[in-house]
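Only one structure is covered here, and it is reproduced in the block below.
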Amino acid sequence: MSVHLIERDTAQRILKDLAIFEMKMTLFTYELHEKENHKITAPGKVVTHRGGTITLPCRYHHEPEDVDPKRIRIKWTKVSDAFQFEDVFVALGRQQKAFGSYRGRVSLERAGPGDASVIIHNITLQDYGRYECEVTNDMEDDTGFVNLDLEGVVFPYYPPSGRYKLNYHQAEEVCRQQDAILASHAQLHKAWLEGLDWCNAGWLEDGSVQYPISHPRDQCGHKDSPPGVRNYGYRHKDDERYDAFCFTSNLNGHVYFLKRFKKVNYLEAVKACQRDNAVIAKVGQLYAAWKIQLLDRCEAGWVEDGSIRYPIINPRARCGGPEPGVRNLGFPDKKHNGMNWLAWLGLACLLKCTFTVVAI
């Protein structure tokens, strides 16, 4: 039995080494092909924010150079982590077509011969990801890749029903309801590098479950383990339940605290925002205001999901603890008027060019 195990382990190592060798040879062949033919060039990453305009760069060079431009086909495709493909844009000569949510927002840059770059307007959260540029003529077919990254903020989320209540699809939906999307591993890792420390595991966009630990401690990331992003791997999307890690970006509006001279319950907060020509802010909008607008308030307020929160940029005594962040005081009864709160509870409003948080 022990001999059999040794042989199996040896075989696994050989297969792994062969796979790595094959991958390196594939990359080497690709790089050599690029150097010899100068086929297609697409830089690795571009960065923008929600609502912005960005160019996805892609240039090609075909030999001979007298290829009829009318016979060159340019196609852009979005590629997910699960290797699912979504058509974005295709052009053949003067004919162009954008697909799905990209209709009316994508066009060729047309910066000169050999330019296959496209411009995307009014960037959405869903535009985040990896894009493939494919250029084809009668003789050749070449591709390049560009990652579209967004400036923004990752935040953990759980619903009023409590922690570990969401399957994958429900996690997607609660993020959407709070003006966000499920975060990617890259976004969560970046948030961890910036100091995010959260002891509850949550769904990510690729179907994995992870959590970031900056300060390992007992019952939270293992005290003797190094800091990092803990990974439970890919979980069953229908049956298993965790929290969610959401991602949001720039606001098309402004979050502000609407101070009231009396304590208000949730319904009164909603109506107060409406009277101020605003709507009550969602959790994602409050996080974006904290991260991007540097909103700093020591007063707690209602937000759209019925929770009580407040954003702290500059921690100080009796105001939010030692670290910056958005503090969550939980989900009180929506009829509660704040009589038991030490601070005035208001509301966070969001106008359509301004969002509001109403102090309770």
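Just so you know, glycine gets a Cβ as well, placed from its N, Cα and C.
Quick caveat, the model's predicted, so the values are computed rather than measured.
According to TrEMBL:
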DISULFID  Cys199-Cys220  disulfide bond
DISULFID  Cys298-Cys319  disulfide bond
DOMAIN    51-149  domain 'Ig-like'
DOMAIN    153-248  domain 'Link'
DOMAIN    253-345  domain 'Link'
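Each residue contributes its Cα atom, and for Cys319 (disulfide bond) and Cys220 (disulfide bond) these two points are 25 Å apart. When other Cβ atoms within 10 Å of the Cβ of Cys298 (disulfide bond) are tallied across all protein chains shown, the result is 15.
Within the same chain, residues at least six positions away from Cys199 (disulfide bond) with a Cβ under 8 Å of its Cβ are Tyr211, Ile213, Gln219, Cys220, Gly221.
Shown for the domain 'Ig-like' (51-149): DSSP residue counts in helix, strand and coil, namely 9 helix, 48 strand, 42 coil. Of all Cβ atoms in the protein chains displayed, 15 besides its own lie within 10 Å of the Cβ of Cys319 (disulfide bond). Other Cβ atoms within 10 Å of the Cβ of Cys220 (disulfide bond), summed over all protein chains shown, number 15. Looking only at the domain 'Link' (153-248), the predicted model's pLDDT averages out at 95.
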